[in-house]
Amino acid sequence: METVVNGALAPDGDRVEKRTRRRVGNKSIIQSAIARKERSLRLDDRPKKRPSRAEPAKRPQRSKPALRPVKPEPEDEWSGPEARVAPPLCKCTEDKQLFMENAQGRQFCSAVDGIGDQLFGCCRLVDVTEAPLSRPSVRVPFGVLCGSHRQRLIRHNCCPICGVFCTHGRFAQCAAEHHFHKDCQQEGACPHCADPAPCTDITITMHSPKQPVFLPVQRSQYPSTSEAALISITAPKRGRSPEVPIIPPGQLQPIRDGTTVRLDECNHAGLVAAVEESDAQRAAVILETGNVDLHSRLPECNNGTFLHLAVQKGDLPIVYLLVAYRVDLDALDAEQGSALMLAVTEHRNQIAQYLITAGAQVALKGTDGMTALHAAARTGNLAACQALLRANKGLCDMRDDGGWTPLVWACEHGFTEVARFLLDQGADIHSRDVEQNVALHWAAFKGSAATAELLLNLNSDVNVVNVHGDTPLHMAAREDCYNCVLVLLARRADVSLVNKNSETALDCAPKTGKCFAPLALNAQMHFAISNNPQRHPSLLSNDISNGREQNPIQCVNDVDASPQPNDYTYIAKTCVSSGNVQIDRKVGAMLPCVCTERCTCCSCAQGWYDQGKLSADFNFLDPPLIFECSDLCACNAILCPNRLVQRPLAQRFQLFRTQSKGWGVRALGAIGLGQFVCEYIGEILTDLEAESRTDDSFLFDLDNQESDSFCIDARFYGNFARFINHSCFPNLQPVKVFVEHRDLRFPHIAFFAKRDIAVNEELSFDYGDKFWLVKYKTFTCECRASCCRYSQQSIAATLAKYRIGSAND
Ligand SMILES: C[S@@+](CC[C@H](N)C(=O)[O-])C[C@H]1O[C@@H](n2cnc3c(N)ncnc32)[C@H](O)[C@@H]1O
């Protein structure tokens with residue numbers, strides 16, 4: 001031996017000589033030295049980048065060594081060189097791309113040299129960013145080696161049983177020149193290659209050009225790998241910022257030292273046990289053997305994989321290890337649950353976050369078509385919802401097999417904060433499930449008053465109905481959810497609404513439950529209000545005519561916040577605003593009567609009127625023109641029965657806000673069949689002028705047989721009749737009436753009752769096909785008459801009939 005080492009090997013040029021002599025080893029010293037090495041690799045081994053599925057594996061292929069030396073079958077001849085090549089047991093030549101990180105980035109080489117009967121740690125500093133972790137076998141902990149020791153490891157100079165380098169002294173050598181300690185040899189075969197042939201004793205002499213230097217400080221730093229270290233699967237120096245999450249080191253427990261795993265534990269059952277006992281180090285050792293199929297299914301966790309089991313145990317280090325060993329992140333268990341879904345459901349949020357960043361599919365659908373976000377919302381796991389939506393915004397409104405979005409699940413389980421978060425992220429508050437329920441139905445079903453309030457504040461319709469006709473109030477009442485019922489009632493839920501079984505919410509409430517009394521009281525109040533003619537809805541005006549009508553016309557609105565309409569000028573007599581309208585008022589055309597007092601026998605009395613109304617045989621289907629007596633007539637203006645339209649309004653009317661047609665007009669007193677009701681007052685225009693007006697909603701055609709045609713537009717000037725809506729079952733009939741002239745182009749449009757009209761009944765007339773054939777594209781009829789021809793449901797049939805009719809014409 002040229003260089004005697006009293007503590008450390010000289011850094012450069014050491015050379016090992018071999019002599020074929022039998023060695024007398026000192027096993028106890030070797031073992032105690034290994035024990036002293038106190039390696040504290042922590043399983044906080046953070047892969048910097050998980051290989052994507054498409055990429056080839058970046059990790060080297062693991063060899064699968066036989067754990068016992070392979071004994072040759074009796075008939076084996078061992079004659080040729082091939083027969084002597086047994087599967088390798090050692091890992092000396094494995095190029096493992098695992099790296100160690102520590103704070104300084106440099107540390108002493110982990111090698112222990114056996115020199116005679118003594119053991120020495122190597123004094124070389126190693127840049128851990130350059131040196132991958134290595135070891136001679138799975139029995140020996142990982143370490144960083146200097147270049148020299150790495151070379152010697154590759155040349156099988158390190159004993160795979162005890163991990164000590166065969167540096168100087170007497171050792172055993174197999175035919176392939178692998179070194180080990182004779183005393184370590186257990187089965188009579190080479191612990192490197194399992195060659196069962198008897199080994200040879202050799203003497204190795206170390207040569208070094210330098211004098212050995214013993215540094216006391218070196219002892220104090222020995223063992224070299226005592227510092228806390230992290231394993232990484234890529235060299236830290238090469239890394240850009242890591243793509244796989246950094247798990248804060250404090251979150252992971254250092255693994256225990258000196259873990260030994262029996263070879264017969266390095267199998268499926270051993271790994272199950274290690275995971276169940278949360279023994280990360282044992283799991284690491286077993287995984288490293290490559291003996292366990294990570295795709296195998298475990299009855300212990302519902303036929304999931306080891307990943308499911310580790311998630312179930314909540315063991316982040318083991319999850320981390322399994323991911324590093326490329327377990328399938330998206331494998332589903334027997335109930336179609338992925339490990340991510342399990343983590344989310346069990347509120348293992350660190351694990352969930354780690355799995356997301358490691359590449360687990362967040363949009364995967366499991367049981368009942370639910371994603372991990374559904375699971376997170378259902379279990380009120382706000383942090384997981386945030387992490388999942390950060391990963392994929394598109395999850396927000398994904399529906400499961402029931403048509404339920406994550407928002408619905410959060411509402412159904414009363415997780416208001418989760419619901420608020422999802423709504424903030426743009427979740428659709430109006431999304432309907434397969435039974436047309438919205439989130440508010442589910443909040444009501446659960447009885448979550450806070451969630452219901454949140455949804456109502458964001459404009460969810462309080463009276464929305466599902467396919468059964470149930471409103472949220474029906475649901476809350478049925479479940480006897482008192483607080484929720486109160487919130488819904490306070491937000492104007494309609495107690496009078498009935499579902500398809502003709503039940504009100506009160507009918508659904510258990511008679512002995514808490515909700516029955518408030519619902520009953522509310523229903524009584526509703527009944528009292530809607531049946532009391534004396535009630536005072538919000539009165540917006542006492543007289544919209546501003547004194548222009550004999551009876552004031554009130555304007556009320558108890559439906560919404562619309563103010564009194566004021567975008568027109570109220571007039572009580574038709575006006576003309578252009579020179580294009582020239583009414584022929586020549587006296588000669590008037591033919592005034594000469595009756596005294598009542599017109600009973602003169603030509604004026606054509607039998608249109610009888611006792612102050614249209615005569616009983618009046619033809620409402622094809623009304624005749626009516627010519628009333630005028631100021632030129634000799635008859636008594638008060639007594640003459642041929643004067644109705646020219647008299648002041650006899651009835652009382654009210655302008656009111658309808659539910660779906662804007663403003664409307666109602667009669668405040670009963671009106672009998674045939675009675676004159678009111679006139680359609682507005683501006684007389686030529687058709688040409690009317691064409692140029694943008695709003696055609698208030699035009700009334702005065703079509704006549706003459707060449708010129710005109711209309712009345714009540715858009716800018718008009719009386720209350722401009723607010724009379726259309727009905728397919730109208731109570732008014734427009735009739736052309738002439739009073740002060742006989743110019744047939746300019747009749748008065750007088751509305752007569754075509755049937756008895758009840759108190760508070762809305763007035764209506766038929767706007768006709770011409771109106772609806774244009775307007776149906778914008779809106780459809782809301783008259784709700786059973787014979788309605790222009791509603792959303794009936795318009796198609798009407799159009800079809802119309803087209804057939806036009807074709808036949
Ligand atoms: C002459 S205005 C009637 C007054 C109108 N409701 C208002 O608020 O000013 C005609 C307009 O009323 C609405 N309307 C009238 N009858 C309707 C009906 N049966 N269904 C739906 N909308 C109707 C339509 O907007 C139509 O263009």
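From the backbone N, Cα and C atoms, a Cβ is placed for every residue, glycine too.
What TrEMBL annotates here:
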REGION    1-82  region 'Disordered'
COMPBIAS  35-58  compositional bias 'Basic and acidic residues'
REPEAT    302-334  repeat 'ANK'
REPEAT    368-392  repeat 'ANK'
REPEAT    402-434  repeat 'ANK'
REPEAT    435-467  repeat 'ANK'
REPEAT    468-500  repeat 'ANK'
DOMAIN    591-648  domain 'Pre-SET'
DOMAIN    651-768  domain 'SET'
Other parts of the chain folded back onto the repeat 'ANK' (402-434), taken as Cβ under 8 Å at six or more residues beyond its ends
368-369, 371, 373-374, 376-382, 385-386, 389, 393, 395-396, 440, 442-443, 445-448, 450-451, 454-455, 458-460, 466
Per DSSP, how many helix, strand and coil residues does the domain 'Pre-SET' (591-648) have?
0 helix, 6 strand, 52 coil
Across the repeat 'ANK' (402-434), what are the DSSP residue counts per state (helix, strand, coil)?
16 helix, 0 strand, 17 coil
The mean pLDDT across the repeat 'ANK' (302-334) is 89
For the repeat 'ANK' (435-467), jot down how many residues DSSP puts in helix, in strand and in coil.
17 helix, 0 strand, 16 coil
